[in-house]
Amino acid sequence: MAQDRECLCSAGFQRGDYTQGNTDRSTAAANSRPPAGQRGAEEPSSGGAGTPPPAAVLPTMPDEATENAGSTSARVSSFFIEDLLGTEGGGGTRRAAAGGGGGRGAPRCGPHSPLRLGASGCPLRDAAVGWYRRAFLGCASPDTSDRDSPELPEDTERAGGGGRAAARGPAGGRQSSGGREEEEERGEEAGEAEQRAAGRKKKTRTVFSRSQVFQLESTFDVKRYLSSSERAGLAASLHLTETQVKIWFQNRRNKWKRQLAADLEAANLSHAAQRIVRVPILYHENSPASALGFGLPHMSPPLVGFSGGVSYPLGTFPAASLPFLRSQMTGLV
């Protein structure tokens, strides 16, 4: 029993030492920590190289501050002369001199403010206002807008393509008005051409009275072609123009030629039909063969009868048809 009590006492003593050691350590750590205000100031220095400090706490150098201020001021469109001259510096005077020498020698009125600035510091409105001011003061004509207008950087020109068109307002207006006038003139010319073509197509046909047609027909039967004097006299007597009489005679001659061609064609067809028709030959049975006179041409030939009841002598037939007649007669016998 005594041994058990000694073991328990030793165990409790060790446990008490352990808890006391832990409490001593916690108090020492609490005492070693700095106050809240000092802790925020010391944390950036004790952070190490691996962890970057916050951006708001980083100290800024004077050069960086001036650069940031210059960039913000350049981004903001400022219209003060001091800002414009300060941003460009000494290079502005050289550019202004080069730009002035590149013109056509037009006189410059008043002080020339340099407008050729960077893309961020040169607004397009300044260029337009300066150009209009010079144009209205009579320093330069609007026709020389390409050379007298201030040259802008490429970025500004791309960004403000519509502004340049606005800056060329007077010249563009003239060109557009001239183009409209040309289009109107072309439209009028096209309309006149259409009217002329329509007038040519709508030719009215001359209507002749019965008395005029009778007189023209009687004159045509007498003479197919008229001289100029005859045509003039006929036109005066019929109260017509010479052109109308001339055209009527031309049409009448064409009609007459067509009628002649049709008559000739009909005559040729009838003649061909007459050649094709064959007529059978009949002879008398009692008449001897020697009486026909084929071998004696000096004797008067007898009559040969046809089916139509008409008799023709053999002398009327040509000599070439005698073999044909002989073959026909021998075939019938």
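Numbering starts at 1 and runs along the chain as displayed.
Positions of Cβ are set from backbone N, Cα and C atoms, glycine also.
As annotated by Swiss-Prot, region 'Disordered' applies to 1-74 (among others).
Feature annotation from Swiss-Prot assigns compositional bias 'Polar residues' to 17-30.
Sequence annotations record features per position, and here Swiss-Prot assigns region 'Disordered' to 86-109 (among others).
According to Swiss-Prot, the feature compositional bias 'Gly residues' maps to 87-105 (among others).
Positions annotated as region 'Disordered' by Swiss-Prot: 139-204 (among others).
The compositional bias 'Basic and acidic residues' annotation in Swiss-Prot covers 144-158.
Residues annotated as compositional bias 'Gly residues' in Swiss-Prot: 159-176 (among others).
The feature compositional bias 'Acidic residues' is assigned by Swiss-Prot to 181-192.
The feature DNA-binding region is assigned by Swiss-Prot to 201-260, with sequence analysis given as support.
Under the heading motif 'HMX family specific domain 1', Swiss-Prot lists 261-271. In the motif 'HMX family specific domain 1' (261-271), the DSSP tally of helix, strand and coil residues is 11 helix, 0 strand, 0 coil.
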Just to be sure I understand, if DSSP states are collapsed into helix, strand and coil, how many residues of the DNA-binding region (201-260) fall in each?
44 helix, 0 strand, 16 coil
Rounded mean pLDDT within the motif 'HMX family specific domain 1' (261-271) lands at 86
